[in-house]
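**Student:** Pulled these features from TrEMBL for this protein:
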{"type": "DOMAIN", "residues": "12-286", "note": "domain 'Protein kinase'"}
{"type": "BINDING", "residues": "41", "note": "ATP binding site"}
{"type": "TRANSMEM", "residues": "346-368", "note": "transmembrane segment"}
{"type": "COMPBIAS", "residues": "375-388", "note": "compositional bias 'Low complexity'"}
{"type": "REGION", "residues": "375-405", "note": "region 'Disordered'"}
{"type": "COMPBIAS", "residues": "389-401", "note": "compositional bias 'Pro residues'"}
{"type": "DOMAIN", "residues": "401-467", "note": "domain 'PASTA'"}
{"type": "REGION", "residues": "432-457", "note": "region 'Disordered'"}
{"type": "DOMAIN", "residues": "468-539", "note": "domain 'PASTA'"}
{"type": "DOMAIN", "residues": "540-604", "note": "domain 'PASTA'"}
{"type": "REGION", "residues": "588-620", "note": "region 'Disordered'"}
{"type": "COMPBIAS", "residues": "599-612", "note": "compositional bias 'Low complexity'"}
């Protein structure tokens with residue numbers, strides 16, 4: 001047992017415990033060589049007693065020691081110290097001592113975290129993860145308790161390497177306290193016992209951001225198993241439904257990071273961090289569907305209007321949506337301002353044309369009806385040249401061609417190729433993602449976004465394509481109780497689980513009654529949700545062997561081989577050798593609980609009597 005004042009590695013003097021967790025305790029300590037305060041984390045003795053865990057912990061601790069980033073708690077040293085009580089070599093890690101509070105403490109204080117600050121905290125966590133992921137380290141245990149906030153507002157992520165070492169052991173979720181404590185931040189693939197990668201950390205960060213924004217965990221339940229079940233099966237409630245201050249962009253970021261399929265999440269921590277920074281800056285985020293982005297109309301450039309009053313200002317059709325839409329009144333006012341210019345030009349043109357027409361008619365009339373009688377000499381008619389005033393041709397006001405609107409069809413149930421053909425015909429874009437579906441739905445569209453409604457031509461419709469019934473890996477449930485095993489399997493979506501008793505003649509004598517001793521299909525196999533899974537349960541019974549006719553010593557040996565104990569009851573019997581079993585309380589061939597002793601009657605020799613001497617004869 002470690003005590004205050006103990007010296008680890010001849011260098012780190014323990015002072016006081018400053019934290020305890022499901023797998024370790026953290027001490028404030030003094031590095032007597034460099035004269036600085038440090039934090040020392042020592043693994044629990046029961047975990048350290050596992051040689052596999054020790055080796056993996058040592059390897060991961062060494063990797064974590066190479067992470068040098070301002071948002072990561074620095075690891076200075078690693079070592080091992082033999083525990084004086086258990087004589088087990090216990091690994092420890094020497095870390096930077098960070099003054100401040102964890103995000104868990106901030107949340108427990110009940111103080112509301114404004115959305116912008118929640119995003120900033122999360123961006124710091126993602127900075128740390130992006131660096132660690134590039135170094136090949138997956139954290140696997142991101143949660144509020146593992147994120148420190150220093151007095152100057154810097155985010156520090158703790159416990160790199162340790163969480164991975166724990167996750168790599170063979171312990172199941174129901175057996176490892178360290179994993180039970182983090183079920184609220186567990187990715188679906190972790191809950192299913194599948195291989196995890198950087199995107200599992202993305203999911204955990206999504207859980208963290210969700211809690212920072214809403215002040216409540218993503219999922220809650222009565223047990224870690226029920227919470228894990230929700231991570232695998234349930235869809236999250238958008239944060240904005242819990243707090244109206246949360247914007248659609250924040251919703252989109254959170255929900256993208258919480259996608260059940262890792263392929264649908266952000267590809268890496270840097271991508272999510274960049275999207276958060278865009279959100280903080282008020283820019284469009286990649287997580288939002290383009291159709292959901294707010295549209296902004298940029299007002300006309302007043303300089304252009306002033307310089308050329310006869311030409312309407314041009315509005316770029318590709319202006320990025322970087323702000324709120326302009327009021328419709330501005331657009332109407334612009335249109336009305338240009339209208340009188342066009343009307344004046346048209347009126348002037350009509351007047352000039354009318355004057356020219358009148359002049360022509362008058363000239364013809366005078367030519368045909370000249371002045372004087374028939375004897376009068378003709379008087380030449382003066383020619384009047386009428387030159388119309390040149391008028392500038394009015395320039396039509398250019399207007400932006402509205403994008404045609406298209407009605408999104410319901411494509412659910414269609415084969416993917418047919419759905420794509422229909423979208424192409426309607427001049428809509430498309431994207432695809434895969435998800436499990438019901439039997440017989442392989443390669444069919446089972447969902448779409450947007451689902452219905454009118455959208456601009458060219459809008460991308462994301463099609464969710466069925467991969468058929470979901471498959472999960474059958475977890476390690478051998479050794480669990482029947483109830484524990486069924487709950488664990490139910491959390492992974494297996495709906496057809498039955499339990500059968502083991503045949504007493506085949507049951508191992510070390511099996512604990514009521515525990516699972518065999519699973520069919522085998523542990524580690526992939527199976528669909530409706531696969532029938534059979535749990536073979538230990539009954540605690542064995543077949544009683546034959547004890548009669550053999551010596552008690554031989555009977556005891558035979559009983560031990562079947563897990564039974566014998567109670568000896570001696571009876572006098574001179575017909576068989578002493579020590580031979582005459583009877584047994586449970587007949588041979590019957591099943592009986594191993595926990596109950598079997599009584600056997602064992603022969604003992606009757607007492608011997610002295611021979612009677614003949615009486616002397618009277619004559620003698």
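Cβ coordinates are placed from backbone N, Cα and C, and glycine is handled just like the others.
Annotations in TrEMBL come from automatic prediction, not curation.
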**Student:** Six or more residues out from either end of the region 'Disordered' (432-457), which same-chain residues have a Cβ under 8 Å from its Cβ atoms?
**Tutor:** 260-261, 263-264, 289, 291, 403-408, 410-416, 419, 426, 463-471, 528, 530
**Student:** For the domain 'Protein kinase' (12-286) and the domain 'PASTA' (468-539), does the number of C-beta pairs under 8 Å, pairs 6 or more apart in sequence, reach 3 or more?
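**Tutor:** Yes, these stretches are in contact.
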**Student:** For the domain 'Protein kinase' (12-286), what's the mean pLDDT in this predicted model?
**Tutor:** 85
**Student:** Over the span of the domain 'PASTA' (540-604), count residues by DSSP class, listing helix, strand and coil in order.
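**Tutor:** Secondary-structure composition of the domain 'PASTA' (540-604): 10 helix, 26 strand, 29 coil.
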**Student:** When the domain 'PASTA' (468-539) is classified with DSSP, how many of its residues are helical, how many are strand and how many are coil?
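**Tutor:** Reading the DSSP string over the domain 'PASTA' (468-539) gives 10 helix, 25 strand, 37 coil.
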**Student:** Would you count the other CB atoms within 10 A of the CB of residue 41 (ATP binding site), including those on all shown protein chains?
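**Tutor:** Result for residue 41 (ATP binding site): 22 neighbouring Cβ atoms inside 10 Å.
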**Student:** For a three-state summary based on DSSP, what are the helix, strand and coil counts in the region 'Disordered' (432-457)?
**Tutor:** 0 helix, 13 strand, 13 coil
